């Protein structure tokens, strides 16, 4: 059975074969994760990627599986977070696909949700021209989350769709054609242990949230942090709120840590197509052009009003971002 047997009109015809291949591998990866520790150690380190990050066994397994499945498809160029350079799969192909085959792999041994993130552009004459372009030129992007449910969230530029894997039929079932980010929430996601390294506008925003009912926001907030981008994204699509991974003062973190091509652009596409916002803290993510395949960027996304508020904190005068929370010239609701 094909992985998307129902609602064939939901996927553009020119992308149907590629989506079938992605879906088939995602189902295989989900099964492999479910048997982790029985057949093999999926969490064991087996090398490093181009940026020196440790690669788990499942990182490599997933990358190899997606790449092999896309051979002979309409994908001309394949760029993976796990590989130094892009590769040509089909000289006659019309698409360029970037992928993070296994996002959140540091969570494998803890049984927290991990995922696959993908982005599809029209192929240009070269791999560099295909991938080093604005995220606004994407024709499709999405992610698969391997959790208590296996879900795929995907956009083809006309809203965001949600599919759930039916374990019985081993196929993805369309359950929502028009996912929307809830407009408000009292949740924010950030790694607070890095507070001392953040820029002042980010510290000011978090200070005002942490101040709760005693601060200018006049309400209490909850902090979340899962260290799995797909899990954070899935929660925000379900409950709203905002995710922040800012630049900071540490060496190697001047532009954040998340990669534009494999993580930020596709997630921003999914979120904005669902009515949310996505920026680098100040400017829209989808309006940016990466300088190299593994370029990084600060990343803020979630409910549109929350993202706009964080941008407003960057517009405050220096003395206000340094001031106690009661003195900022911002809207307070």
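The backbone N, Cα and C atoms fix where each Cβ goes, glycine too.
Database features, via Swiss-Prot:
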{"type": "BINDING", "residues": "81, 100, 102", "note": "Mg(2+) 1 binding site"}
{"type": "BINDING", "residues": "100, 103, 263", "note": "Mg(2+) 2 binding site"}
{"type": "BINDING", "residues": "103, 104, 105, 106, 191", "note": "substrate binding site"}
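DSSP classifies residue 81 (Mg(2+) 1 binding site) as coil under the three-state reduction. Cα of residue 263 (Mg(2+) 2 binding site) to Cα of residue 81 (Mg(2+) 1 binding site): a span of 9 Å. The DSSP secondary structure for residue 263 (Mg(2+) 2 binding site) is helix. The two recorded residues, residue 104 (substrate binding site) and residue 81 (Mg(2+) 1 binding site), have Cα atoms 12 Å apart. Here residue 81 (Mg(2+) 1 binding site) is positioned 12 angstrom away from residue 105 (substrate binding site), judged by their C-alpha atoms. Of all the binding-site residues listed (100, 102, 103, 104, 106), 106 has the fewest other CB atoms within 10 A of its CB. Other Cβ atoms within 10 Å of the Cβ of residue 81 (Mg(2+) 1 binding site) number 24 in total over all chains. Across the structure, residue 106 (substrate binding site) and residue 100 (Mg(2+) 1 binding site) are spaced 14 Å apart at their Cα atoms.
Each of the binding-site residues 105, 191 was scored by other CB atoms within 10 A of its CB, and the lowest score goes to 191.
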